[in-house]
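What TrEMBL says about this one:
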- 1-36: region 'Disordered' (REGION)
- 41-174: domain 'Photolyase/cryptochrome alpha/beta' (DOMAIN)
- 317-321, 363-370, 482-484: FAD binding site (BINDING)
- 607-646: region 'Disordered' (REGION)
Amino acid sequence: MTKPRSKTQANPKTPKKESVPLSELPKPTLVKSDKSQKGNARVIYWHRTDLRLTDSPALTRALEIENIECFWPIWCFDPEYVYKHRVGVNRCNFLLESMNNLSEEYTKLNSNQKLWVVRSRPEFVLRKLAKDWGVTHICWEKDSNAYSKVRDEKIFALAEELGIQVIATPGRHLFDPDEVVKQNKGKPTMTLHQWQGVTSKMGEIARPAPTPTSLPDPGPSELQDNHEEDWGKYEGVDLNADVRTGKDTCFDSLAGPSSFPFSVPTMDQLGFSPSTTTIKGGTIEGHKRLDLFLSDKEKVAKFSKPNSAPTSLEPSTTLLSPYIKFGCIGIRELWWGCKAAVEEYRKKGGKGETKEPENMFGQLEFRDMYACAEAAVPHFERIRGNSVCKYVAWSLQNQYDKEGNEILPRPRDKDEQAEERFQAWKEGRTGFPWIDACMRQLKHEGWIHHLARHSVACFLTRGQCYISWERGMEVFDEWLIDWDPASNPGNWMWLSCSAFFSQYFRVYGLVSWPQKTDKSGALVRKYCPELKDFPDKYIYSPHLAPQGIQEKAKCIIGKDYPFPILDEHLEKEYCIARLKDAYHLNYHGDHEDILNGTAEKKLTEIHEENGHTREKIVDGKQDDKKRKRELDGEGAMDKFVKREKK
């Protein structure tokens with residue numbers, strides 16, 4: 001590590017305003033204490049989900065503070081993130097790569113600078129840094145999700161106690177979600193049209209903030225680590241225990257290893273095995289992808305997310321979502337970059353532009369819509385207490401104790417069939433190659449096409465398995481690199497028809513859907529290699545292949561690859577019938593009957609009254625199919641042989 005210059009040396013000038021006046025940047029939250037110090041400023045810039053130097057309104061605000069004497073860009077490696085949130089190896093590796101890349105970018109601007117990584121809860125870290133480094137200001141990019149609000153309130157209180165000024169500036173979204181909710185009279189935005197209606201009165205989306213051209217020096221970086229706090233203390237359930245294969249040494253010291261203090265943790269220090277994804281993290285890689293996308297003006301103008309191919313071996317969309325999630329690129333960079341590309345396309349006579357919501361602008365607005373909904377709705381990530389989530393008596397819902405606290409780890413459900421189906425779905429062994437290939441790709445790469453996400457989510461919930469979207473959301477929490485605390489639960493509610501979308505009778509076909517874009521099954525052949533030698537005719541339904549074809553493909557269904565775990569069409573009918581009843585009951589997650597545990601009984605009574613039980617729907621349909629086979633003589637070997645000879 002390069003030693004910092006003596007603080008008696010002249011500091012580089014703070015960057016000039018380059019492309020946008022300070023007055024046009026998103027409005028910050030300023031917290032001033034009566035105890036605030038006067039004189040030179042000693043500033044901490046706290047990075048969270050903004051791992052970039054470009055288009056950072058919060059960083060710009062921080063560097064505009066007058067008389068900066070010392071400046072430390074820091075990252076608090078929080079045990080809450082490491083243990084309380086499901087974080088798989090691929091997302092963790094992407095984060096660490098992005099942190100290392102950002103640190104390198106800081107060093108390019110000032111050889112004495114880096115990303116200063118401290119390892120503990122923010123309220124412990126910032127108290128310690130304020131004491132040892134004489135901090136006068138703490139700045140960060142404002143976030144609006146539930147966990148961030150709780151965390152940040154602690155820091156606001158700490159800053160008031162210590163006489164430190166806080167500057168929290170919006171910049172993660174097109175518009176500050178909290179401000180949108182305020183303009184919407186405290187209500188969540190549940191449709192894109194509603195979000196557009198509110199934000200149309202809030203002015204134009206801000207232009208990208210200027211990129212700094214120089215940075216002040218850090219001050220002295222010594223910390224007296226007398227272990228006065230248990231820096232890695234966490235008393236809850238480690239939700240990543242089953243992912244952690246090695247010894248966790250991340251929090252052995254506040255500043256990390258003495259040989260490399262304030263360094264970015266390694267996967268080994270976190271006890272994680274190496275990642276498997278080919279998607280690399282970092283602001284440099286993110287801007288390469290952004291520049292490549294924006295360079296093709298026609299592609300930008302005609303971008304249509306619903307019309308991209310979910311079966312493609314190479315991503316048929318931009319693959320920018322992980323870089324947006326971690327703030328490796330700025331949201332305004334993307335928005336205004338697309339605006340400029342479309343305008344240039346028009347000037348050259350280009351036609352056929354995609355309209356909202358299918359185009360890139362619509363997709364970014366959907367992201368904001370979910371963020372505004374999450375900001376306004378308590379318990380957005382679950383059913384219980386969630387005012388916008390329709391109640392459906394799914395199998396494998398979250399379980400709670402008598403005080404209403406979620407039981408973790410979740411006890412095994414009494415519905416053994418549902419548990420087995422869930423594990424088959426998660427592990428990619430449902431017997432439906434399209435579903436299995438998508439789930440295996442998700443685990444390996446940390447990313448799948450959005451229509452593949454639609455397929456596996458529909459299958460698990462309202463399509464066939466009738467399992468709570470909470471279970472699927474948790475798997476995505478762990479495996480998705482681009483996981484987002486608002487978009488992930490929002491999408492799962494959408495795809496299970498629990499909120500945002502209500503056409504529960506529209507279900508993705510497990511064979512017909514992927515055949516629309518790839519009859520050869522290339523994705524299946526890559527991620528389910530046991531099926532690679534099946535003819536195209538059977539690649540999405542290998543259980544229908546005659547024995548001879550299975551033998552020739554060296555894959556016997558039921559031995560080398562599983563039989564389907566359910567009957568696609570019968571279970572679909574069963575699901576639709578029960579969803580119809582749930583919509584008729586029209587309970588939401590904050591209804592008294594949900595909270596006191598009587599809702600499931602009421603819905604069961606409605607199912608029985610309407611004949612929407614397994615015995616009457618699935619078993620009855622199976623009996624009808626059996627009788628039809630008997631009448632048609634389908635069970636007779638002679639007729640089977642005759643059909644095969646034709």
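A Cβ is built for glycine as well, from the same backbone N, Cα and C atoms used for every other residue.
Nobody curates TrEMBL annotations by hand; they come from automatic prediction.
Each residue of the domain 'Photolyase/cryptochrome alpha/beta' (41-174) gets a DSSP state, and the totals for helix, strand and coil are 63 helix, 31 strand, 40 coil.
The predicted model assigns the domain 'Photolyase/cryptochrome alpha/beta' (41-174) a mean pLDDT of 96.
Long-range neighbours of D368 (FAD binding site) (same chain, six or more residues apart, CB within less than 8 Å of its CB): H173, L174, F175, P177, V180, W195, T199. Within 10 Å of the Cβ of S321 (FAD binding site) there are 19 other Cβ atoms, across all protein chains. Take the CB of Y370 (FAD binding site) and look out to 10 A: across all protein chains shown you find 27 other CB atoms. Using a 10 Å radius centred on the Cβ of L319 (FAD binding site) and all shown protein chains, the other Cβ atoms total 17. Sequence-distant neighbours of L364 (FAD binding site) (same chain, six or more apart, CB under 8 Å from its CB) are L174, I331, L334, W335, listed in sequence order. Of all Cβ atoms in the shown protein chains, 20 besides its own fall within 10 Å of the Cβ of T317 (FAD binding site). The Cβ of W483 (FAD binding site) has 21 other Cβ atoms within 10 Å, all protein chains considered.
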